[in-house]
Amino acid sequence: APDRPAPADPLDPGNAPGDAAGTAAPDDTAATAPAGGHLRRVREEGLARRGRLLLAGTLGVLALASAVGLMAVSGWLISRASEQPPILYLMVAVTATRAFGIGRAVFRYAERLVSHDAVLRILEDVRVRVFRRLERLAPGGLRHRRRGDLLSRLVSDVDAYQDYFLRWLLPAAAAGAVSLLAVGFTGWLLPEAGLALAVGLAVAGLAVPLLTALVARRTERELAPERGALTTHAVDLLTGTGELTVAGALPAATERVRRADARLTGIAGRSAAVVALAGALTTLAAGLTVTAAAFLGAQAVHTGRLEGVWLAVVVLTPLAAFEAVTDLPQAVRHRQRVRRAAERVHEVLDAPEPVAEPDLPVDPLG
């Protein structure tokens, strides 16, 4: 019978960017699941730890809210103390300042402990599943696959899952909750200042991350495959140095590692430029918002609609509120990076069985 062409291997590193065969760069349409499908599966991995994740999210909200409360109460305390009232009039504010200061540190420390405990347990579950799948695929299903690429999927790509929870999901949820609280409190003091804060937070927390995502989309999608290519070439070089030296191929193998490292460094440089741009835009939005709040607050004090001791609160609350959205542009980048890493992990988990087991037992011939 004529030979049949071998089926395409979904994990063949020869199809990865930066391979020695000189293949095409990764295509944004190469995903095997619909948009959001891989991230949905990442979220499903965390369902077993949803109690710990919910507790971590609550602690994160309390930590950010304590930071905003500390700034607001401190502003009021300084303004009120300048009027030299009896010390008993300031005791509640002094106690609240201490409570918010201690609470900020305690809640943040507890949030770090709980969130990392939950995420490390999630990584343990995913890594065990990937290892068991590789064990099932070996050896017949892995004969066209490079050790370095499989190592990158098992280690680096699985490790990237933690960024989805620690640097995207939990910070975004906490930022949204605290932003609403800050806008509501500022609007209660001075409606126009609350509106200015809402616009500023929308720009820094929605528009800037969206712009960052659009600019960095291709860069973040290339990062995981290029890291896998570099690992593949490095493992081949380190484990085959003797054979490569005898064959006279050591300089070519070393050059492949250098080229892969240069490509990965270039991607990291473009990613850093996007981060710098996002940071500049966020700082600009924060500065304009605080300036607008100060201007509106001064007008309100001049017209008698706001007491002078509350002016510092109107100005300092927006300054503290922007702490919640400062890291959202990087959070969006981590989300894109996790999506590509999850695609590579799911290619392992969804790889077809190398040997198809019959539905019914078959009697031996003869």
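A Cβ is built for glycine as well, from the same backbone N, Cα and C atoms used for every other residue.
What TrEMBL records for 1-36 is region 'Disordered'.
For 1-10, the entry in TrEMBL reads compositional bias 'Pro residues'.
Here TrEMBL flags 11-36 as compositional bias 'Low complexity'.
Listed by sequence, the residues of this chain that lie at least six past the ends of the transmembrane segment (53-75) yet keep a Cβ under 8 A from its Cβ atoms are 46, 93, 96-97, 100-101, 103-104, 107-108, 110-111, 114-115, 118, 165, 169-171, 173-175, 177-178, 181-182, 185, 312-313, 315-317, 319-321, 323-324. Here TrEMBL flags 53-75 (among others) as transmembrane segment.
The domain 'ABC transmembrane type-1' feature in TrEMBL is assigned to 54-337.
Counting same-chain residues at least six beyond the ends of the transmembrane segment (87-107), those with a Cβ under 8 angstroms from any Cβ of the stretch are 59-60, 62-63, 66-67, 69-70, 73-74, 76-77, 80-81. What TrEMBL lists as transmembrane segment is 87-107 (among others).
Per TrEMBL, transmembrane segment is recorded for 168-189 (among others).
Annotated transmembrane segment per TrEMBL: 195-216 (among others), in sequence order. Only residues 6 or more beyond the boundaries of the transmembrane segment (195-216), in the same chain, are considered here, and those with a CB under 8 A from a CB of the stretch are 175-176, 179, 182-183, 186-187, 270-271, 274-275, 277-278, 281-282, 285-286, 288-289, 292-293, 296, 317-318, 321-322, 324-326, 328-329, 331-333, 335-336.
A Cβ distance under 8 Å defines the sequence-distant neighbours of the transmembrane segment (272-296), meaning residues of its chain 6+ beyond its ends; these are 186, 190, 192-193, 196-197, 199-201, 203-204, 208-209, 211-212, 215-216, 219, 311, 314-315, 317-319, 322, 325-326, 329-330, 333. Taken from TrEMBL, the feature transmembrane segment applies to 272-296 (among others).
Here TrEMBL flags 308-329 (among others) as transmembrane segment.
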Intrachain residues whose Cβ lies under 8 Å of the transmembrane segment (168-189), provided they are six or more past its termini: 43, 53, 56-57, 60-61, 63-65, 68, 72, 111, 115, 195, 197-198, 201, 205, 293, 306, 310, 313-314, 317-318, 320-321, 324-325, 327-328, 331-332, 334-335, 338
